[in-house]
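Here the structure comes first, spelled out in structure tokens, and everything after it is commentary.
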Amino acid sequence: MYRIYMDELKFQIVRQDAIAKISEADNFNELRKAISESVSSIWSSVCSVVYIADSQDLYLKENRQEAIPHTGIARECLESKEVRNCSNCSSDPIFKALSQHNHFHHDKTSYVSCIPIVDHVSSSVIGVVAIGSIYELSNFDSFDSIKDQIVGCYRRLCKCQRGNSYTPANPSLQNSVSLNGPSDPRDALLRLCGDLYDQDATVLQLKINRFLEEQTNSDCAFHLLVVPETDDLICQGQNSIFSTALETKKPISLQDTPLDKRKDIEDFLGFTVKSLLCVPVICKNHEGLLALACVTNKDNSDRFSNEDIQIILQCFQYTSTILRSTLAFQNERKLKLQTQAMLQVARNLFTHLDNIESKPELNYAFLSDSLQSNVDNKVDEAVDEETENCRSRVILGFDDVIQGSRIDIVVEDTDTDDRVTLSMHKVSTTMPGNVSHVSEVKRPCGSFEETRQKDYNIVKDYHPPSYDDDIITFDDLTKLLREIMQEARNLTQAERCSVFLIDKETDELVAKVFDGITTNDSEEQTEIRMPSTRGIAGHVATTGTLLNIKDAYSHPLFFRGIDDSTGFKTRNILCFPIKNEKGDVLGVAQLCNKKNGPYFTTFDEEVASAFAVYCCISISHSLMYQNVIAAQIRNNLANELMMYHMKCLMYKKLQLSQHRNRLTNELMIYHMQVSYEDVLAHVQNEIPPTVKWSPDFDKFPYPPREIPENDTTLACLTMFEDLGFITRWRIKKETLIRFTLMVKKGYRNPPYHNWMHAFAVAHFCYLCIKNLNLTEYLDDLEMFALFVSCLGHDIDHRGTNNQYQVASKSVLAALYSSEGSVMERHHFAQTMCIVNTEGCNIFENLPSKDYTAVLDLVRDIILATDLAHHLKILGNLKEMASEGYDKTNIKHHKMLLCLLMTASDLSDQTKPWDFTKHVAALIYREFFSQGDLEKALGQRPIEMMDRERARIPDLQIGFLDHIALPVYRVLGDIFPSAESVTNTVVDNRRHWEKICALIKIRRGGSCEQMSYDQILALEEEEADAEIESYQLKQQQAEQNGR
């Protein structure tokens, strides 16, 4: 059934193509060429010659050259008026004529067919087509369907040559039937009614037009059909040349037309009009008009009479019902084909829903490359069956494999195809009004013939996919949207298309398919975003109502700037909503420029509305399927994280499992899930601007620890918003809030490495991005990963360092000690656990490639917080600073990220003295607490961890000299605007030098039994003279010693 439907559509397209070419012929040579091209479009691998009647015989060329052979099958065809076939007829005279054809194959052509072209009105043969082929021809009905068009064009050309009086060119071949018909008009009308047996309204109109020409002695007759299903009129309003007849339903003549409008009539018809009669035709069973019947240029008179009006009215009194019934039949047939096409579209879309590849390499990118490029083979062997099943390749293709072409367009030969209100047919044409018209008639809607060839090529050249090769797969929603819009363009014959989906989180319209991108487009397209209330698409999305705009430039919602910049001209727009079953708008589809008409019709609106239902179903199911796939990938990622933590020898798996269980139990006891109420409380509040916290919030001297801890979550949202991460990476507000609260909850409460430290580190990163113009040095994804890493870089810190974890044989050491950076690896693992917690994945909307990359970046950046790693690369950092940063160098990117992370981690040293001195107290409280734990284990802590031996001022000066200042000096070398940060660290060092000098003067350098507050109090004393005197004595003593 489907193939029959496809063949019928192809036949209709071929027929229309042939009609268009023949109708454009301006002389007999062009007619011969058009007929030959029509033959080639119906039968493949053939050659043909065309003999056209002129005077007493038929000729192959102008000026009566090369007459049709007097013997052979061509002459038999002429005399019998029937098709003649011959095989192996190389001796036939017609074979010689065919051999001169460019595509003639002497060694292959073995069949010749001759087809007569008969004018049934005069019963004369006006042409013979001889066709040579390598196979026996069949399906002559395809050519018969365009014979009337050839006859019409031939009659028109004869009139042009003989001054508007047509007589057959070969009277010796015609019967005795007079062209003027019977003498009694009633007999002629009876003959006409008996001849109206065709199921093609075009042929019926042609016969009626010829009858009116003969009975009214006019040069040309035509009628304009009025389609009642639509209010769209080609000739409409008071400015129309036929407005009087349309409005009054009374006959009008040329004398009733104002002088200034007569030229419009001639421009409309394409020839000089001496007289005109336009008679409204009313159908018996219909209140409105059926058509406007028109005749022009009455012979031997300058105007038509009342008798002519009666002839027209009497004609349609008997023929209008037949004509209307035939039109209704064709319309129903067209609707049937459109319905079949719509079902095929639905079948395509729904079949494609499951055509999503689950590629092993895609999962591997998430599961392996994102964590470690060289995962141990033993770990690979331990992947469970569920993960393996997830990696299976699933490809579902078309369940139908058909021969030929898949039909992407529906074109039916009927005047009501395009629901055009007035469809004109002249006596010399049989072309359907919806797609073509004769060459003399010029309409302002453009050339329909140009687009028909494109439509035909779509059908001719399109080859459906098969199971073996071109299986169509959909990797993501974008390809599905492209398929949807390709089908929409085919159904409505639109020139361009766009589809917008509504992003409810950002209240924006997102265009993933824009300006006619087809399903074959392999280039990556950048999505376009705009407010959901802007423009035509915004209006449709907001109101949920369809918009059919006939003149885009005159519409107040249309933005003309894009056309001006691109040179493209938008003539008309059909924009319709895509709604779900609840009536909520999911998206908007926008079609531009009707190709085979002046604008989109009411029927296009109906097709679009029906098509939107299928769009909604396919998009909704695709989104749900994507969510399932994303959840599956996240689950696999979590499994891989666990396998990553378990990497060791196989015989230790049981021991590691015990450690992992202990760690899990410990985390479950300590941590609590974020409540929905906490999330909701933040969601309901607007994200505050930076000035809410302080006018200096984005300046380096600002101390972020001034912000109360309860407000730091909102402050984090402020930084995400101000850096543009929320919009750039499409982070849902609720997801970001839950992620931030979970990260905050993940920090314990040691004196220093707690949530406030993470917040201060993230704030310094924010300052660097804002003040150092990092966009010129790093990519957007790198800056995003850096900021997220700062938030999670010390999560679940226990107040002890890596050395203590190993010495105490902790659970963390058992998991990570073989790889080094025990705490840093745990911080990364905890960050990933939060990311993979439901509702916390701020990376969920990243493309798969970026998703993998951001996990790699977060891992590398958090591992870079290990000072042992920093000291290893410090020489390379200095070299990079001296030689200059190269943005094209990937190593420079990685080193700069490590430098910025370390600078952020140590940023408490960059704040003014009144703030940094109190933070130092927190650091040493934590250090001394670890020292006490080490003493409990029977170990001797290092000096900075031992509260009894630590000389804090000396330790601070040593830390600034060997760790902090080198970091900020390199930072200042790369970014001159960061010099103020280095100066602040140097100034803080002077304060520690003063304290150190006073301790040496007054206590001999010992800090024993001095509290931290007592140490800091020394700095506040006015002791500059005392210090200067002490330093002078020290210098003199050194000189005396020498």
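Positions of Cβ are set from backbone N, Cα and C atoms, glycine also.
Small disclaimer: the values here were computed from a predicted structure and weren't measured.
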Looking at the AMP binding annotation from TrEMBL, with His753, Asn754, Trp755, Met756, His757, Asp794, Gln956 already listed, which candidate in Asp711, Asp905, Asp914 is the matching residue? Asp905
Fewest C-beta neighbours within 10 angstroms among the binding-site residues Asp794, Asp905 belongs to Asp905
Counting other Cβ atoms within 10 Å of each Cβ, which of the binding-site residues Asn754, Gln956 scores lowest? Asn754
Just the number: how many Å between the Cα atoms of Asp794 (AMP binding site) and His753 (active site, proton donor)? 7
Per DSSP, Asp794 (AMP binding site) is which: helix, strand or coil? coil
Within 10 angstroms of the C-beta of His753 (active site, proton donor), what count of other C-beta atoms is obtained when all protein chains are considered? 25
Can you tell which of His757, His793 has the least company, meaning the fewest other C-beta atoms within 10 angstroms of its C-beta, among these binding-site residues? His757
His753 (active site, proton donor) and Gln956 (AMP binding site), distance between Cα atoms, whole Å: 18
In DSSP terms, helix, strand or coil for Asn754 (AMP binding site)? coil
Could you list the residues of the same chain, at least six apart in sequence, whose Cβ is under 8 A from the Cβ of Met756 (AMP binding site)? Arg705, Glu709, Thr712
His793 (Zn(2+) 1 binding site) and Asp905 (AMP binding site), Cα-Cα, nearest whole angstrom: 9
Around the Cβ of Trp755 (AMP binding site), how many other Cβ atoms lie within 10 Å? Please give the count over every shown protein chain. 20
